Amino acid sequence: MNNLYQRDCLRLLDFTSLELQNIITLAQKLKQYKKNNKEIQLLKKKNIALIFEKESTRTRCSFEVAAFDQGAHVTYLGPGSTHLGTKESIEDTAKILGRLYDGIQYRGHHHSTIEILAKNSKVPVWNGLTEKFHPTQLLADLLTIKEIFPERKFYEIKCAYVGDAHNNMGNSLLEAASLVGLDLRLVAPKECWPEKNIFKFCKEQIKNKKGNIICTENINEGVKNVDFIYTDVWVSMGESQEVWKKRIELLSSYQVNSLMLKITNNPQVKVLHCLPALHDQKTCTVKSILKKYGFKNGMEITDEVFQKNQKIIFEQAENRLHTIKAILVSSLLKTIKF
């Protein structure tokens, strides 16, 4: 019996440490099947609803391709294409979608919305991103880390997340570290540290593992001897210019660049980025943002560092597909048989 059957994935703490690592192991197996053109369609006749209140590239494509690979059908419900929370309550929408579909993905503005969907739909609900958590991204990150260091335990791996940690990525990184025992350093100004309650909880949980979690403003302390430096964009579309200005001023000295890599004292240090990255000026939008705030060579990461690490970064992005596929298979099948 598959103990993840009919389970939601709203945040990583929905799983135990063993369950999380089993998902990663399943993702490795599914990835190998796809690479060898030996995909086994386990989700035939399954129907999946994809609710996107926010635009998406990697998340939407990963859910759609994962479903198609496994023989499932999807319905894309984009921004403004449903009555969710406007003409119809979230509860009512959840109840009808739960009757029509075998599972629901939600990517939107409020974590409370996905909690209501999960409570009322009676089918598995998966979090493609909310303001609180981004669990499917961290599943891909853990798979990527495991692929690079297959022989190491997670507690033997040091990862510094540099930048804004007061967001869904910071929260999900904390939860991931507390479950697998990663040695995690959140390197940011205090204003960009995670909420105290989730940090305190995850710090307490990791005591049962061999890893560690710290927050520090000190870049030298935070990145010394790490195996990975991880970063994300500092600004999001839809936020006010005032928010952008304040955050960029806070984070300007936390750019991932060649000097920071030298500070690690690890010539083999790897760089992760969950994308999109403001590393070059090849789009009008990014070009105008970088020019406005005085950046000539990328914002949160320089183009030089991005290009040197692009193989890992794009592998990390591809791993969204394989880990999401593992979540779909795990939650929609009573028994997983290959």
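Backbone N, Cα and C define each Cβ position, glycine as well.
The carbamoyl phosphate binding site feature in Swiss-Prot is assigned to SER56, THR57, ARG58, THR59, ARG107, HIS134, PRO135, THR136, GLN137, CYS274, LEU275, ARG320. The L-ornithine binding site annotation in Swiss-Prot covers ASN168, ASP232, SER236, MET237, and the record cites sequence analysis as its basis.
Applying an 8 A CB threshold to same-chain residues 6+ apart, the list for ARG107 (carbamoyl phosphate binding site) reads ILE51, PHE52, GLU53, LYS54, SER56, THR59, ARG60, ASN127, GLY128, LEU129, THR130. With the fewest other Cβ atoms inside 10 Å of its Cβ, the least crowded of the binding-site residues MET237, LEU275 in this structure is MET237.
The binding-site residues examined here are SER56, GLN137, ASN168, SER236; by Cβ neighbour count within 10 Å, the least packed of them is SER236. All protein chains included, ASP232 (L-ornithine binding site) registers 25 other Cβ atoms within 10 Å of its own Cβ.
Rounded to a whole number, the distance between the Cα atoms of MET237 (L-ornithine binding site) and LEU275 (carbamoyl phosphate binding site) is 14 Å. Secondary structure at ASN168 (L-ornithine binding site), as computed by DSSP, is helix. Between the candidate binding-site residues, ARG58, PRO135, the densest Cβ environment within 10 Å is the one around PRO135. Summarising the L-ornithine site geometry, the residues cited as binding it (ASN168, ASP232, SER236, MET237) extend over a maximum Cα to Cα distance of 15 Å. The binding-site residues shown are ARG58, PRO135, GLN137; of these, the one with its CA atom nearest the CA of ASP232 (L-ornithine binding site) is GLN137.
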